[in-house]
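Before any comments, here is the structure.
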Amino acid sequence: MAVGMENATASGECGEILKPRTDKREYRRIVLKNSLEVLLISDPETDKCAASMNVSVGSFTDPEGLEGLAHFLEHMLFYASEKYPEEDSYSKYITEHGGSTNAYTSSEDTNYHFDINTDSFYEALDRFAQFFIQPLMSTDATMREIKAVDSEHQNNLLSDSWRMAQLQKHLSREDHPYHKFSTGNMDTLHVRPEENGVDTRSELIKFYDEHYSANIMHLVVYGKENLDKTQGLVEALFQGIRNTNQGIPRFPGQPCTLDHLQVLVKAVPIMQGHELSVSWPVTPSISHYEEAPCRYLGDLIGHEGEGSLFHALKILGWATGLYAGEADWSMEYSFFNVSIDLTDAGHEHMQDILGLLFEYIKVLQQSGVSQWIFDELSAICEAEFHYQAKIDPISYAVDISSNMKIYPTKHWLVGSSLPSKFNPAIVQKVLDELSPNNVRIFWESNKFEGQTDKVEPWYNTAYSLEKITKFTIQEWMQSAPDVNLLLPTPNVFIPTDFSLKDLKDKDIFPVLLRKTSYSRLWYKPDTKFFKPKAYVKMDFNCPLAVSSPDAAVLSDIFVWLLVDYLNEYAYYAQAAGLDYGLSLSDNGFELSLAGFNHKLRILLEAVIQKIAKFEVKPDRFSVIKETVTKAYQNNKFQQPHEQATNYCSLVLQDQIWPWTEELDALSHLEAEDLANFVPMLLSRTFVECYIAGNVEKDEAESMVKHIEDVLFTDSKPICRPLFPSQFLTNRVTELGTGMKHFYYQEGSNSSDENSALVHYIQVHKDEFSMNSKLQLFELIAKQDTFHQLRTIEQLGYITSLSLSNDSGVYGVQFIIQSSVKGPGHIDSRVESLLKDLESKFYNMSDEEFKSNVTNLIDMKLEKDKNLDEESWFYWAEIQTGTLKFNRIDAEVAALRLLKKDEWIDFFDEYIKVDAPNKKSLSICVYGNQHLKEMRNDKDKIPSTSIEIEDIVCFRKSQPLYGSLKL
């Protein structure tokens, strides 16, 4: 069952680097004179270059009283350097040359990374290197970026994941850095330091000087050139980083003592729902990464097949999700965590659930560590490693740079993802640590509101704490239901045939292989990636699916129940590298399958059979209805920018319903309603299919023929063809030309201080030349938007400009979320930005214009890196009905012909302030501290503008763009 390892190494200065045997890239490890360790990657096929620098210092090293300083430094290094002193010029250069840039700060690391078009790599790499050689951290920029860090923190305040993570840290040893608040805010970076006579900027520079040393940095450079040329480049640019011979900071000891164990913590979340999180401090797996003890145990405790813990909880109606594995690990400590999403009934049976969890751990203890289970895990991981899809260079570089300080050179690429050494004693040691003596239990529920007596200081999470003993847990185990908990059975979905089909057809675009009154099949053989994988999409077009709020909700529950019924079976396929999903689509529901092609058809047939034999089980209906209800209710707690985006979609999209109406409909629906609805839903159906990858023509046709045989041509068919008039498509509201439209709404979460604006400009219906002009505007204006509105004006951490494509109608969206300014003010600043851009465009030189066009062409010609990326593009063309599979070439051709004057005319006509053919929509969502501004903002609306008071009425009054799907 194991996959061979031949041709799976690459040369390195420190021995061989294990690499996937299908990987043609070259690798080389070097160490510069300043002790900077570097991995060079040469990929002649790439059209993006990338780099990632991992610095082995993070928030654990923050000085006392300056919480968040490491994170703040990460922000500051982006600003400027002595060699490139213009503020934000690094980000501007990267963006204008088709790239992206980002960074993150973790407990013990800070990682900086970027990607860019290949012909701009040298200068980008030079600018990047200056972060670590001579950065400028000006006084003015310091205060502005403290505000940005604070804005980031404000966005996290109402996030349950951030709140619970900090609560777990809060309830740990105060003398361990795990206990710290890590992200920083205005209080920790400005107010308190100032009160204590501490200059934050001086401390920032001191922190940089003390900790940013070349010998604790690890660099990955991913280039197109050969290794020798890339090595010369790296030696020239990065040799200037100082080496102060710092040791990598170490933080020995577990964050939890006996005082922090055997505790039950009840906490009040923001969102509706109940969650149980059970955590044990354990021996870090990183020291035994080839034996993978936590991966082994996580796969068993988190298994979802029959006989598993989750299956038992699901049958009892107590849980809707269970996740197990290692979390919050370092070289010195680690936690093993089991998280269970509870139903309302499960919340009432928390003790029984914990009893069953410890009963399952007891089953594992009694069964011993199994060789065959480890061998299955190893076989799956080996197949996934050796046949992994290529990912974007920036993600690849980040993954490897973070691995370099942890693993020996040989395992830099694979990390801990390839268990290969069966050692029962090591697994047993961690299993023994999953004991009642060693446990921390965190129980979240809104039902605890008003029942807590403590508050976590950074996120104001209400909680209570009580001690429990091992005897308490033993009582829970004894009183738990008597269910048959078992180890999983062997996984029949593990692929064993990795051969590539002899695909005689070399079509570069999808071809229409088959069409009947029941279905249409688009087929695209793999001519690029040569992996034993396939990609399948099937859109079941059912006109009834979204015909009303009731129908939309019933369709949603139908899809949820299908997934629920298939879960025990399909879980094995997903564990073996065969992803599958069912979801609602614009006019029905969609099936997705992707992964190893060997046993894909087996899963496909199981899904189709479940659709054909669908029946409503009242007990499962009740559980799913409860889950869906909470999901709708939690829309209230979306971030303001998400609310604004949803309102924008409601204005524009012809066939979507407000979530409030769907929630109201849901409350009245019962199992009988769904039982009556599903046969009607499926009674008229058309299946749009796309099959790509390592699949032969006759195989693809056979799959679709099987669907037709089961659903359409059986002696008692479930589905019949659509009537010609039933081929519905989603159409888009056409905004009034030369008109500004405004929609004002109070934020749905009264506790959220943030406000948000979506400033949408609708431009045109899909057309190559117009698309290219709009894309060029977005490329040039994107960085100016970020620099002006976020960096200079500090309106909000979430600030973006992006293209929008609503069913083939193109436009641009400015999205800003702010705790400091209201939407009316932000909207005026967007218009001011557009005036600044107008001046910039008019004064742009021909050379600069040509450079921007060239950069956009390079971006558009970037090759798909894997089968999934290629398939997403083609499937979008099929779904929207445009079928312009040659879109990239056509839009590039339009760009090559584009003149500067022609492009400026486009801007003048459709985008600039008061453009004659401009169609704009401002969605204003007001947080609680800006509510008083809403009335005044409404009063300021010009008489030539339109305030949308009722979205549905407005939508009915407007014309619709014609559908592209004919």
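The backbone N, Cα and C atoms fix where each Cβ goes, glycine too.
Database features, via Swiss-Prot:
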BINDING   H71, H75, E152  Zn(2+) binding site
ACT_SITE  E74  active site, proton acceptor
ACT_SITE  E145  active site
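Shown on the structure are the features that Swiss-Prot records.
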residue	record	DSSP class
H71	Zn(2+) binding site	helix
E145	active site	helix
E152	Zn(2+) binding site	helix
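A distance of 13 Å separates the Cα atom of the residue listed as 'active site, proton acceptor' from that of E152 (Zn(2+) binding site). Neighbours of E152 (Zn(2+) binding site), defined as other CB atoms within 10 A of its CB across all chains, total 18. Across the fold, the C-alpha of E152 (Zn(2+) binding site) and the C-alpha of the residue listed as 'active site' stand 10 Å from each other.
Non-local contacts of E145 (active site) by the CB criterion (under 8 A, 6+ apart in sequence, same chain) comprise F72, H75, M76, Y79. Here the binding-site residues are H71, H75; the one with the fewest Cβ atoms within 10 Å of its Cβ is H75. The Cβ neighbour count for the residue listed as 'active site, proton acceptor', using a 10 Å radius over every protein chain in view, is 23.
Within 8 Å of the Cβ centroid of the Zn(2+) site, not counting the listed residues H71, H75, E152, the chain contributes G68, F72, E74, T105, E145, A148, V149, T183, G184.
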